[in-house]
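K.L.:
Quick one: structure below, then a few questions.
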Amino acid sequence: YIDGDEGILLYHGYSIDQLAENGDFLETCYLLLYGELPNKQQKIDFDRCIMRHTMVHEQFARFFHGFRRDSHPMAVMVACLGAMSAFYHDSINITDPQQRMIASIRLISKVPTLAAMAYKYSIGQPFVYPRNDLNYATNFLHMCFSVPCEEHKISPVIARAMDRIFTLHADHEQNASTSTVRLAGSSGANPYACIAAGVACLWGPAHGGANEACLKMLQEIGSVKKIPEFIARAKDKNDPFRLMGFGHRVYKNYDPRAKIMQKTCHEVLQELNIQDDPLLDIAMELEHIALNDEYFINKKLYPNVDFYSGITLKALGFPTE
């Protein structure tokens, strides 16, 4: 449920603030799948079920070698998700509730593995297998950033930030990618094909690509000294330039996800002791201006979730693309 005027986002009656601060992503997944939060035993069983299915078919390793190493990760993800219907064709009957649930479990458990493999392939490092003894977010970061030749420890602050990013993006009513998935599903297409279509839609700069576009804008600005010039351009109706990461088509108030992401972003920067990154300096100054400039306040152009998530993901070590 979304109330754009009041800046409210609820998942089955629970505010996004409650879920992000007091729960975790898999708890949110359970809520979205079953309509209620799990009790202690249900949470243990659900977490165990997800973590036991994180490995992907070994042939996927060969599948990746068909891509150029400089392929955009979203192109790789669309292909991999579509390919899941070939590797896991025992759960593609969309009319069977049990098969739909199996497909849902497989998607939640295996997509982080495929995403990490896409990243590792792009930088020429060996794939890292998932570890069932780690929680969901920590496991994803482990697969992305650990290497076989040395031990890699992940800070709880960093893992918590990743988990919050997952939770904040778990659902957003009838957005473009959700509409795409539902449209594909209306034809009776299998769940993996439907999700692949949704990921293709998510690739667009007006949707999931917004945080990437925001970081590219920060690169275009180049330095803190040039911010006033770009602010003036953003206010000029005749200039095609616009600030990415500010305002939202649904929220006419502060994006509730942005408040959580803002806090998370600053926690990550403090944990990693990042103080001299020029892009982050530009972002922090832009944030300060947007929250104090009458033009932005009157037009309700507050920093949105994409503004903070892009900065946070960059700080965590993910490349812009």
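Glycine residues also receive a Cβ, built from the backbone N, Cα and C atoms like all the rest.
Sharing the record's features from Swiss-Prot:
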ACT_SITE  HIS248  active site
ACT_SITE  ASP306  active site
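Can you walk me through where each of these features ends up in the structure?
P.N.:
Neighbour density for HIS248 (active site): within 10 A of its CB lie 21 other CB atoms from the protein chains shown. Secondary structure at HIS248 (active site), as computed by DSSP, is coil.
Under the three-state DSSP scheme, ASP306 (active site) falls in the helix class. Proximity of ASP306 (active site) to non-local residues of its own chain (separation of 6 or more, Cβ distance below 8 Å) is seen for ALA210, ASN211, CYS214, MET244, GLY245, given in sequence order.
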